[in-house]
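This report concerns only the one structure given below.
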Amino acid sequence: MTTPSHLSDRYELGEILGFGGMSEVHLARDLRLHRDVAVKVLRADLARDPSFYLRFRREAQNAAALNHPAIVAVYDTGEAETPAGPLPYIVMEYVDGVTLRDIVHTEGPMTPKRAIEVIADACQALNFSHQNGIIHRDVKPANIMISATNAVKVMDFGIARAIADSGNSVTQTAAVIGTAQYLSPEQARGDSVDARSDVYSLGCVLYEVLTGEPPFTGDSPVSVAYQHVREDPIPPSARHEGLSADLDAVVLKALAKNPENRYQTAAEMRADLVRVHNGEPPEAPKVLTDAERTSLLSSAAGNLSGPRTDPLPRQDLDDTDRDRSIGSVGRWVAVVAVLAVLTVVVTIAINTFGGITRDVQVPDVRGQSSADAIATLQNRGFKIRTLQKPDSTIPPDHVIGTDPAANTSVSAGDEITVNVSTGPEQREIPDVSTLTYAEAVKKLTAAGFGRFKQANSPSTPELVGKVIGTNPPANQTSAITNVVIIIVGSGPATKDIPDVAGQTVDVAQKNLNVYGFTKFSQASVDSPRPAGEVTGTNPPAGTTVPVDSVIELQVSKGNQFVMPDLSGMFWVDAEPRLRALGWTGMLDKGADVDAGGSQHNRVVYQNPPAGTGVNRDGIITLRFGQ
């Protein structure tokens, strides 16, 4: 299935502006309102997948509910009917601009002032979204645009969820491999998320626009996700010169691992950004520099040593006291020695035999993306082995289950096999051409497919009621859960012949081409029309015929004139009039007719009748009154 060039007879699609994980965005023209728009269309290969179809519709619902100047507006939604089924689309405001990702990649880090202004506007957009019950869940530089007028626009609520539905992991609705650098720790663990998760992701974006790189990078999404959960970010000022400690404080508070330690709303984060922009200290705690940290530790160490005291005066001991003192010291030395030996023995035992193992319950990671599931299991101390399997119910790169199974108690450090879905089993579509629909269903069922839909399409007469193709096509692999559209021949397409009388042959043929007719013949006919002009067709205009029919164009010889009304005229007046029209033929004067005295010698009968075509060299019959 391909994307049509027009949607709902209103939107004319133009160039592709970009691609997403499940859609493509076109520049389009709204033919009704005469304005440019951006149209997001679900990828044709995903349109038949119910999970992607529902997710795309959820994006439309979420985005349409958000009317804010810093959020890309949604104008319309709909579904285009195609031979393969409905194709959903979203019509959005067209923003002529660039994304933060493109700006950082081409121009490098922003100035602190500009970065604060941009992210503060993004905070307003997200706060509005959160107040309306929608968490974005995929905040990243590629989803924030700067328009040609420097307006900030947050877009792509493709995996957004209502807050009431946020108990599900982000990865239960979309793979996050492409956005691992902006995941919150709770997203990386597969825990439930709330508005503070968007705050963390926006903190990652602020970090990147200030320094030119995200807070965490790695060789794989799993390693990046692990850092989000376990590692502290390097302060931005240590990555890029010219950044203040106050700006460090705002960024690092947004990037707090524990959501309770972050800004609780995007509005709080914006308020601190405004303070820093105005030269005021933020409410976020200041981050100590290395020098300040060293000075503080040195001061603390000095306080722990305590005030200096003078030594006690030495006292002389007698022999008994001296022996008692020596004996006491000896006993304490022995005790300390024994404890030291025990410590060494216990340490060796732990290192040698692994110490006391503890049982850990295997978490339930079914339905999570493989990256999130692996991070969750590794955080529990498990070793991981992955095994890929086809599955009709779990999306690709998401977890089918684990071995041992979820909620099983195992020893910490054990190996867990993570069964990762490759999606529904793929099989080859057999060729069912020329079969009946029932025969085609039987053959496709034997090949492992189980969902079918019939579509009719014009065909040659001999293929009426026979299969002329499938979608997906024969010999192409497809998921066994996909609907196979069986296209049955309905015979030649039919059209009504339009009226082309009065047109030249070339113009008439072009107009007939518009209706689908391509086969023509010509016949010269007597006609008063100018020579070469079409007088009609055979079959006549208005007749419904197959589009592959031969249409005969009847072309005027230009050899006739229209017979005038000669009634009541004397012959001496009638003849010049006929000659003036080009008549060169003979007069057939019939017997006079008794028509009363007033009609004496006047025309009382003519053949051909008035208004009909007469050959210029033809015979005209007239009768006169007596």
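Counting begins at 1 with the first residue displayed.
Each residue, glycine too, has its Cβ placed from N, Cα and C.
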TODO: Look up Thr217, Thr309, Thr477 in Swiss-Prot and give me whichever carries the note phosphothreonine.
DONE: Thr309
- [ ] Report which of Thr171, Thr265, Thr402 appears in Swiss-Prot with the annotation phosphothreonine.
- [x] Thr171
Task: Candidate set Ser129, Ser166, Ser369, Ser556, annotation phosphoserine, source Swiss-Prot, matching residue - done: Ser166
TODO: From Ser197, Ser295, Ser409, name the one Swiss-Prot lists as phosphoserine.
DONE: Ser295
TODO: Could you tally the C-beta atoms, other than its own, that fall within 10 angstroms of the C-beta of Asp138 (active site, proton acceptor)?
DONE: 24
- [ ] Average the per-residue pLDDT over the topological domain 'Cytoplasmic' (2-332) and send me the rounded value.
- [x] 80
